[in-house]
Amino acid sequence: MTADIAATPAETPATNGHGDAHSTASFTALTLGSIGVVYGDIGTSPLYALREAVMAASSGGEAAPHAVMGVVSLILWALIVVVTLKYVVILLRADNHGEGGTLALMALAQRGVARGASIIVLLGIISGALFYGDAVITPALSVLSAIEGIKLVTAAFDPYVVPLTIIILVMLFAVQVRGTAKVAAFFGPIMLIWFLVIGIAAFPPILRHPEVLWAINPLHAVSFMLHHGIIGFITLGAVFLAVTGAEALYADLGHFGKRPIQTAWLFVVLPSLALNYLGQGALVIADAKAIENPFFLMFPDWALIPMVALATVATVIASQAVITGAYSLTRQAIQLGLLPRFEIRHTSEAHSGQIYIPRINKLLLVSVVLLVLLFKSSSALASAYGISVTGTMVVTAMMGFVVIWKVWRWSPIAAGALIAPFLFLDLTFLSANLLKVLEGGWVPLALGGFVMTLMYTWRRGSRLLFDKSRKLEFPLADLVAMLEKRPPQRVAGTAVFLTSDPLSAPTALMHSLKHYKVLHEKNVILTIETAPTPRIDPSERVRLEQISPTFSKVTLRFGFMESPNVPKALAIARKLGWQFDIMSTSFFLSRRALKPAAHSGMPRWQDHLFITMSRSANDATDYFQIPSGRVVEVGTQVTI
């Protein structure tokens, strides 16, 4: 999953779950932009994918020509079936008001089911958690594989590969705070050059050994699998490296649109990748020793250093897309109630999606550097790659079935017939990758399991806290009726009480009445909702309900791709007749100090984890962009 990198939100959002036309930006610019952002990950897979697959097929020995043909055929048909058919043809139609990605798909699937929504949420949590594993491994593997090319110039560079990789990664994460808007405009042209170069470089070896073109025949892939038994199954796990990054096609749907992404894949990316894999295959057929690094050995000696430089830039771009994807996913998870509030900084005035999350950036940097130090080579790290991506693809296929059945209104048999072949293939790839758990596959599983535990704990704890608070709090309607009959002393101005439950009297309001024994002239019960759509039209942002001469309810709605700005949203309420002046308004927020209860509904360890997460949450004042000088916080203690 990737996010806003030089991507102008170019589409008029579709509303029918069949994402289509983008009209507000140049089609050519969008297509070029998608090449730079969407295809960075899958575009740098030739650096290691065929090498690892052939080494798996030959069990570390010299690969026979028929085995190389089988591997190349498997890679080509994986690109055709998994990427072209599943993602480019089918899933790009399953948009959530123009947006893609697993959490957007989860929200779309939730709207289609009355029962079983909790299962959909669980699938979304699994998919989102696995992505963080991918976000850690991709930068480490990509940059490491590019820098390793320098060893072909001279073995003397070998000791410097890991230190140089770490330096580049540290620099990459260090510049995140400044945003990528200025350099992102170059991502598309650079990646276009990359695809042209890797495609053209394949012609000489293909012309010398044109028999490699027979690998396009799927019978070579079938024959390889039938005659190699468990080795063929293990090889599938390495073949999958060629399609890692396919999720980005769907994740970046909202940034570029269906047509530009499809055009870039069919006319630039797929032909270049296919040619390069065929070229590498021809090289290894001619010289089995070329398996050491077939990608770089396709180039003449004079081009090695320029290609290492270009590959390094390409892998940095691929890593950048994954990093910003992690930011975007985190914001969506916060808005959907799967994670506590984190500090979110906007790095561009022009693009709302250009964000930076300091806490996520630090965690990713530490994790990525540790991986490089732990595995030390791209071959070792490749064993850890694939499990998180295959897991995400399996979940995507499952939720895609629900959308096709419930949202598109297909019959379950027709929906099953469409998705079943892809789900079977995804499960096969997942099974093959699970064989690599002990070799390094445990890394993304451990990372995913940890994030999954955090998401599940936060969602469950928040639900329990909400239910408990509702039982303890006073009904708002009863309180308003009492205050209208026996009004306390009034003070000038407007008081806004932020609450997650508009039916109950906010804790801050009750404490204000108890301690100050006064009531403002105007009192607003403010609730902030997250809609199951990426964005909300400004005309639908505010709902205003007058419940008494003194009290009114205001509901602000934000999409899960938006960062809530309360003062800006409240300004819209003026059009509804509410006179809002930030300088005469005080915002009352309650800050809860949580303590574990004897019987909370969660295990003791989960209680403590939820409390720790709650304490680490970013301040509501900052998150909702409320001026701190207008905020009054009231502390309360709650057992959970």
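Cβ from N, Cα, C; glycine included.
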- Query: What range among 1-20, 341-360 does Swiss-Prot describe as region 'Disordered'?
  - Reply: 1-20
- Who are the long-range neighbours of the transmembrane segment (155-175) in its own chain, taking Cβ under 8 Å and residues 6 or more past its ends? 139-140, 143-144, 147-148, 312, 316, 319-320, 323, 361, 364-365, 368-369, 372-373, 376
- For the transmembrane segment (363-383) and the transmembrane segment (71-91), check the count of CB pairs under 8 Å (sequence separation 6 or more) and say whether it reaches 3 or more. no
- Of the listed stretches 224-244, 294-314, 437-457, the one with the highest count of C-beta pairs below 8 angstroms to the transmembrane segment (183-203) is 294-314
- Beyond the flanks of the transmembrane segment (410-430) by at least 6 residues, Cβ under 8 Å: 81-82, 85-86, 90, 236-237, 240, 386-387, 390-391, 393-394, 397-398, 400-401, 404
- Going through 30-50, 385-405, 437-457 one by one, which has the most CB pairs that fall under 8 Å from the transmembrane segment (224-244)? 30-50
- Query: Taking the transmembrane segment (30-50) as reference, which of 71-91, 117-137, 294-314, 385-405, 437-457 has the most Cβ pairs under 8 angstroms?
  - Reply: 294-314
